[in-house]
Amino acid sequence: MQYLQFLSLVVLLLMCHARKSVYRRNSPSLRRLTRNYDWEVDEHGGLKPIINPAKVERATKNCANDSFILGTIMSNYNRHKIPGGQVDVEVEVWVQEITTISDITSDFQLDIYIYETWYDPALNYAFMNPCKYNLSLNSVLLEKLWTPNSCFINSKTADIHKSPFPNIFLMIYANGTVWTNYRLKLQGPCIMDLTKFPFDNVTCSLTFESFNYNTDEVKMDWSVNGVQKMRDKMELADYELVDIHKIRTTEEYPAGYWHELTMSFEFKRRAGWYILQAYLPTYLTICISWISFALGSKAIPARTMLGVNSLLAMTFQFGNIIRNLPRVSYVKAIDVWMLSCMTFVFCSLLELAWVGYLSREEEPTSAKCLQPSAQVAPKPCHPPPVQQNANNSSVHRRQKQPKNEEESALLSLRDNDYGYIPPGFGLNGNVANAMKSFSSSCSCEPTNVVNLMLDEAETIPTSTSSSLSRKQRREILAHKIDSVSVFMFPFLFVLFNIAYWQHYLRGY
């Protein structure tokens, strides 16, 4: 019997020790919650809680409600006093949406949730036996509490969403921890280097810091989560979000050192629109300009129309693209492409001008011959005898000395060794009179004299055959230029494409 009593005492001692161990392992808040429960030994020898309705009802009646807690802690609260002399603030950002990125103004817009957490011992209400161990409050009470007065120092605009009320969340835990949440619409700057546009990357950043307190009073740092996206994949029409970086730096100001929390967004431009609207049309325009090489040297008007229209179309395309870009002073990748393609079209026009110059028809110099009259019968003409000079083997005609200027002109016409008759010869009526006066020495009519001189001119060889061969050579040269251009222009354009795409797609 005594042995059984001894065993019962040992079991009771073990149960008491186990219950104390459970209380010791749990936090004070958990021990307060267990006041509403009874305990029993389970099949493994441990303790499990059993709800006691009487204890719950008694604890509910005696707990402090929200109004009592707020009235108590705010009665002696000083919002200008820094909690504990120095505060550690943890910041966490959740990106809800990135709406736009502007190339003209070099900025971006986004919606975020930003959380701030710090400890304020003056707001501790755990000792009041609260009914709730966290109080969810609105922005009205936040204006009465101490805050780190943090802001985005490099934002262009920052607005709190107010639909249907200010989107500010405040929670105060029983141990004095303050948790705030703001839903903001921000517009921040972007660093744009358009040298490789449209195959470039854009970096946008926002910097968050306490505006009033330096590191001696407020220390700011990222939380474990840092910056997170609310959606796995965020894409815009022109950009794709590549990565988000969080950075913590210490910056020196005249008033001391400040902690700055920077979140950097890296975007990659989507080049599909520019390929469809700029690159592919220019390929077609360049190919159209090459069609003129196959039309031949006789289709100068058609070739001119093709070249000019190609150049105008490319200029119009270039203007539509650059009007949506900032006016930068350096050369962009799209500038290199468009200007190079315009140069190819312009060179095809220069080739056309060269071919047109070579293939143009030169008008032969026509001589107006004096025709004999049909009513007057020609009389035989006996020209003066011709004497050969052995010294120079030239022909000298014996002739009467001219009496006046008209006869001198007529003699010059007769002695013309090249068979050339001036275009205006015979228009003056005095020449006919000179022929009549000159006919007495030749015993023939004036018309017969002219015919005689024309017959003599036909016996002299001309350059007709040489002029014809020169025209043929020019046409052959024009054809060769077109034949070479058909292969040279595409070959040079392919070389340009290889160099262009290899350079600008590197690192994209």
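Cβ coordinates come from backbone N, Cα and C, glycine included.
Swiss-Prot assigns Ser297 and Tyr508 to opposite sides of the membrane.
The N-linked glycosylation site entry in Swiss-Prot, when matched to the candidates Asn65, Asn391, corresponds to Asn65. The N-linked glycosylation site entry in Swiss-Prot, when matched to the candidates Asn201, Asn392, corresponds to Asn201.
For the transmembrane segment (275-295), same-chain residues at least 6 beyond its ends with a Cβ under 8 Å from one of its own Cβ atoms are 302-303, 306-307, 310, 313-314, 317, 320-321, 334, 337-338, 341, 344-345, 348, 351-352, 482, 485-486, 489-490, 493. According to its DSSP assignment, Asn201 (N-linked glycosylation site) is in a strand. Using a 10 Å Cα-Cα cut-off around Asn175 (N-linked glycosylation site), the recorded positions Asn65, Asn134, Cys190, Asn201, Cys204 reduce to Asn134.
Cα of Asn134 (N-linked glycosylation site) to Cα of Asn65 (N-linked glycosylation site): a distance of 11 Å.
The two recorded residues Cys204 (disulfide bond) and Asn65 (N-linked glycosylation site) have their Cα atoms spaced 47 Å from each other. Comparing local CB density within 10 A for the disulfide-bonded residues Cys190, Cys204, the maximum falls on Cys204.
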